[in-house]
2 protein chains.
Amino acid sequence: MSTIKYPNGTKHAQMGLTSDYHSGRGMRLENDLNDSNAYYRAVDRALIYKKPTPIQVVRVDYPSRNRAKIVEAYYRTPSTTDYNGVYRGRYIDFEAKETQNKKNFPLFMVHPHQIEHLKKVHFHGGIGFFLIRFTAYDCTYLVDSEILIHEIETMDRQSIPYAWFEQYGHPVHEGYQPRLDYLSIVDALYFKEERHYEKTQK
Amino acid sequence: MSTIKYPNGTKHAQMGLTSDYHSGRGMRLENDLNDSNAYYRAVDRALIYKKPTPIQVVRVDYPSRNRAKIVEAYYRTPSTTDYNGVYRGRYIDFEAKETQNKKNFPLFMVHPHQIEHLKKVHFHGGIGFFLIRFTAYDCTYLVDSEILIHEIETMDRQSIPYAWFEQYGHPVHEGYQPRLDYLSIVDALYFKEERHYEKTQK
């Protein structure tokens, strides 16, 4: 597996060039996903975007006629997950998290509103999951939201061991294009039954 | 094509009441839709949100330890529509526009990237439409994206007459809860065939 390093990503955050500094994860996974989604869109495989970070604008100046400059604004807590879109006619919704922890995925990284949101995605017939990257191993797992949420809600811990992801998660192949081929996992996990269903209908 | 004028938007932004000054429409339709979507979520009918306005953050100050203050940022052009989510297992995606014009809907209000995006929504099997409000008549029409885009691309005008919307649009009922019951139109337009399909399968 290869490593793509985005030294600038971190640097950007320090210099305030990114609106994601507060989201509790680094920028590498986000960059990989943005690249992958751009590729999926370019080849018409899926239409999936990262949502903009919600910002509360308080004051805007107009130094020139055509360019509004925001001079006071604050980050707001997102009420949903970061990514959504449409794939093979289905609604797709997921949250991506990156941890440097070698043994565990710390649960403080998953916010209660994200759990509630993904429960509702499932209720309404959408496809919901988490993409969890352990940067120490350069390994990203796709985990179905129902399974991870069940684990979070029935256990009495502050974190989920890495071994759990090895067992219940699905490692996402890293490559050149797409960087993270998570839709191949989505195909296998969420469209298997549909294919089966189509076959039995014929 | 034509020049974009945003008289009201600019005012809103100056008062700092909205982060949407540049989106070319007033806030009333947006407020009605946010209320309606909150209601739909509360009664578990659908999971639809307005996306945050994309903002390019350039500089962040940290006046206190826990509160980041954005002190330089700029509005970016959105690459997608404003609203999306999931309803009855289907991906929903739409753009909302409000005009004070009594006779026409000015086409400069629909951006090329929104047209491209809604074409792709259709391609991937999602449900895409426009909600167009004529504030002069307090009337909001739902128009299927394919139909409106076809009209935009085949005609040689800068606007579409109000009468066209009376013919091809579907007036959205306004009430107390939800403020704008656009999902009833979605039911009638996009789930009719599915019901028919289900019936013929049995």
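Backbone N, Cα and C define each Cβ position, glycine as well.
Unlike curated entries, TrEMBL annotations are predicted automatically.
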With B:Thr80, B:Asp82, B:Glu95 listed by TrEMBL as binding Mg(2+), identify the candidate in B:Gln56, B:Gln114 belonging to that site. B:Gln114
Simplified DSSP label at B:Thr80 (Mg(2+) binding site) comes out coil
Given the recorded positions B:Thr80, B:Asp82, B:Glu95, B:Lys97, B:Gln114, which pass a C-beta cutoff of under 8 Å against chain A? Sequence order please. B:Thr80
In Å, rounded, how far does the Cα of B:Gln114 (Mg(2+) binding site) sit from the Cα of B:Lys97 (site 'Transition state stabilizer')? 12
Local backbone state of B:Gln114 (Mg(2+) binding site), from DSSP in three classes: helix
